[in-house]
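Enquirer: So Swiss-Prot has the following annotated:
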type: DOMAIN; residues: 7-139; note: domain 'ADF-H'
Amino acid sequence: MANSSSGLAVSDECKVKFRDLKARRSFRFIVFRIDDKDMEIKVDRLGEPNQGYGDFTDSLPADECRYAIYDLDFTTVENCQKSKIFFFSWSPDTARTRSKMLYASSKDRFRRELDGIQCEIQATDPSEMSLDIVKSRTN
């Protein structure tokens with residue numbers, strides 16, 4: 001289904017891979033990109049379950065926008081093991097203005113397609129999505 005504000009569709013693969021991450025924990029992270037030619041949101045990269053947060057942040061391009069999902073494992077102050085699914089909107093300052101506008105106008109609709117997201121982070125610089133910042137959002 002196309003996004004009414006941006007005209008973008010969401011590929012079925014996006015939904016399938018997200019369900020695999022959520023239900024089976026098949027992936028640690030998923031990076032999504034907007035394909036300008038097809039006007040569709042597609043899977044760009046998949047992170048294996050053994051990959052860490054550094055692998056995830058390294059997979060985001062320095063000068064292009066992306067959406068991403070990260071499945072964060074953490075320990076609560078009560079010493080309980082938990083996980084939360086984070087949605088990232090990555091829009092670096094060096095990205096093209098048109099790209100930033102397209103990602104911004106499609107974000108809410110795309111996020112609604114992915115049922116089960118627990119936290120959201122918007123970042124324009126790597127410092128805005130440091131692991132400490134992400135962990136602070138688990139409370």
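Our numbering is plain: 1 for the first residue shown, then up by one each step along the chain.
Cβ coordinates come from backbone N, Cα and C, glycine included.
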Enquirer: When the domain 'ADF-H' (7-139) is classified with DSSP, how many of its residues are helical, how many are strand and how many are coil?
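Expert: Helix/strand/coil tally for the domain 'ADF-H' (7-139): 46 helix, 42 strand, 45 coil.
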Enquirer: If you average the pLDDT over the domain 'ADF-H' (7-139), what number do you get?
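Expert: Overall, the domain 'ADF-H' (7-139) comes to a mean pLDDT of 96.
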